[in-house]
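If you check TrEMBL, you get these features:
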TRANSMEM  13-33  transmembrane segment
TRANSMEM  94-113  transmembrane segment
TRANSMEM  133-160  transmembrane segment
TRANSMEM  181-208  transmembrane segment
TRANSMEM  295-316  transmembrane segment
TRANSMEM  323-344  transmembrane segment
TRANSMEM  364-383  transmembrane segment
TRANSMEM  403-424  transmembrane segment
TRANSMEM  458-486  transmembrane segment
TRANSMEM  542-564  transmembrane segment
TRANSMEM  570-588  transmembrane segment
TRANSMEM  647-680  transmembrane segment
Amino acid sequence: MGVAILSDVLTEILIPVACVIGIAFALIQWYLVSKVKVSVAPEGAASSNNKNGYEYLMEEEEGLNDHNIVVKCAEIQSAVSEGATSFLFTEYQYVGIFMVAFAVLIFLFLGSVEGFSTKEQPCTYSKYTTCKPALFNAIFSTVAFLLGAVTSLVSGFLGMKIATYANARTTLEARKGVGKAFITAFRSGAVMGFLLAANGLLVLYIAINLFKLYYGDDWEGLFESITGYGLGGSSMALFGRVGGGIYTKAADVGADLVGKVERNIPEDDPRNPAVIADNVGDNVGDIAGMGSDLFGSYAESTCAALVVASISYFGVNHDFTGMCYPLLISSVGIIVCLITTLFATDIFEIKAVNEIEPALKRQLIISTALMTVGIAIVTWLALPSSFTIYNFGTQKGVKNWELFFCVAIGLWAGLVIGFVTEYYTSNAYSPVQDVADSCRTGAATNVIFGLALGYKSVIIPIFAIAVSIFVSFSLAAMYGIAVAALGMLSTIATGLAIDAYGPISDNAGGIAEMAGMSHRIRERTDALDAAGNTTAAIGKGFAIGSAALVSLALFGAFVSRAGVTTVDVLTPKVFIGLIVGAMLPYWFSAMTMKSVGKAALKMVEEVRRQFNTIPGLMEGTTKPDYANCVKISTDASIKEMIPPGALVMLTPLIVGTFFGVETLAGVLAGALVSGVQIAISASNTGGAWDNAKKYIEAGVSDHAKSLGPKGSDPHKAAVIGDTIGDPLKDTSGPSLNILIKLMAVESLVFAPFFATHGGLLFKIF
């Protein structure tokens, strides 16, 4: 079989070193962002560039230097930060109760597999050797679940804190030019990206080494229990995405419908009572929820690869370096993303608005190209020239270069999905411009064109995913699919930096409007925001594409662990699962969209009430009651996130327990196939409607000017389309990828119980 060039000792050093480098780089970026001051200078710290106790930034290009603007920016930033922190703490209290309850459930279900026995049992895949007792597997799976859950929550919280720290700084830097504002927003996104990627990898690596102290040579049990890490990450991500999505869209829809359509005031106008809640929502939904989501994808793809590897050549022969191949890929990814980030912040300088989107696209291309080289080096160093991979009861011979192609095809498929998503959601291309043009004849045609665009945008990403699946499975079975998913996520630090940049820029624009900054500054922040909408859609495309591959890899690990050799769709038990599974994404989407609608209805009524009853509000002489709108969004999102979350978490438990592993396999396959399609369509439709509205508002071309200005009938039609698309692109669409992978990883964790005690109804009848 051959021996890897990289020794086990070097592997044990390289992985944590890469994590430390990633964390250090994130802290450096945070320090550079912190050099932009928005707060009151402490007493005695006044310097020659200080005036009235506030840090003197610079002359505005318009020749103004109003320090009241700095004060206002600081006040708004503080209000947004406090609102976001308050919501997350409230959400985490409810999620914490669930986390403890579900941890107990994991222990009881898995411990009961062998009647809470403390005797060693024959291994699942090797009956001639013994593995650790089921009771201890239950304990370690529970611990891994709690570790993953806490890491997911911390990832979301850290992302939210840096975003709320950076939004006003981006606004103030926009006075120096669009390039300075871009660098501040991007560096802030990089802080989140590198902290999440490095922390997620480091916690997983430490957990593996600690678990190894007990498991010893029982790598099958060790890596089976580690799957709880992925389950913990995704279960928290589900509530973060759904709760945050409901929060942000309730505020956004309420603010847009009353403020922009009924009252004809600008977006983020300080007279709008929902404007603070809207800006808070960008941070708790698009930042905290998205951070937890991508962390969950990373954790699950790694866990799926480790489970398959543990029963393959690497696990059987205790090849630690080969076993850690997925972790080494992520380690190299951190270094590659670090180099890539320098191209955006230090090497290429943004001087004009039209250079923003190309700069972000360049990040994707550079990181993908460099990562391809990195994967080749890791594969050559860490893997023997040939080895075997477990493939549904047999061991399949694989060459190391074949595994390189598996990871690389996942990486490049992610880039394809990213560029297709950009084509369909960026207002620089004809699809979004056609949607904008359809607004001439009203909101109805805008909606029709937007839906058609969303459906059409599914085609190429699905082919890209299909090719990835076929090639990677042909080369290395389910392990190939797992590492292909990991390849797609290997540049997660750059992906998150680009994704987080969008909401930070959106908040920056809102702060510019509320602080009364000049129209020229708002134009710059709008340009940053428009590019951010496209990059957010690209980020969602990556998340959905990787979720499809991750879910399939987890599905393969589940059927292997549950002892299912074939999944025959012609058998009634499988087919009923298939058709019910395909229905679940529709049920879930209906619940989340109705939740947004109900919350938005309360918000609309409250905003209307304030405009109608507070004297001087429209004239700008009285402040609105922002706190009441924040409370409405908070209460609604906490209440409404529970039913969709329960649907996803309880379905595998109910199906597996009462109908058995074959029906559950059908449910997972059905949910995967329909969920991916709906998720891509919903995200791209919403993104296209949003950028069609911004295309009209910006008026940078003759065509766009013919549809505007703000307040025109085509613009109002575009606002309605954007409002309809909000829950699609920011609540239902992004949450669906969590649904398909969470159900798969939950099924894998509970597979021993389902295989032993599942199918109660079929046993009775």
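A Cβ is built for glycine as well, from the same backbone N, Cα and C atoms used for every other residue.
Small disclaimer: the values here were computed from a predicted structure and weren't measured.
Taking pairs at least six residues apart, the transmembrane segment (323-344) and the transmembrane segment (181-208) share three or more Cβ pairs below 8 Å and count as touching. When each of 94-113, 295-316, 403-424 is checked for Cβ pairs under 8 Å to the transmembrane segment (364-383), 403-424 comes out on top. Contacts between the transmembrane segment (13-33) and the transmembrane segment (181-208): present, as 3 or more C-beta pairs lie under 8 angstroms, all at sequence separation of six or more. Long-range contacts of the transmembrane segment (403-424) within its own chain (CB-CB distance under 8 A, at least 6 residues past either end) are made by residues 325, 329, 361, 364-365, 368, 371-372, 375-376, 379, 383, 431-432, 453-454, 456-457, 460-461, 464-465, 467-468, 471-472, 475-476, 479-481, 483-491, 534, 537-538, 540-542, 544-546, 549, 683-684, 687-688.
Counted over residue pairs 6 or more apart, the CB atoms of the transmembrane segment (647-680) and the transmembrane segment (295-316) come under 8 Å in fewer than three pairs, which marks the two as apart. Residues 1, 124-126, 148, 151-152, 155-156, 196-197, 200-201, 204, 219-220, 222-224, 226-227, 229-234, 236-237, 322-323, 325-327, 330, 387-390, 395, 477-479, 482-483, 485-486, 489, 492, 543, 546-547, 549-550, 553-554, 556-557, 560-561, 737-738, 741-742, 744-745, 748 of the same chain lie 6 or more positions beyond the ends of the transmembrane segment (295-316) yet place their CB under 8 Å from a CB of it.
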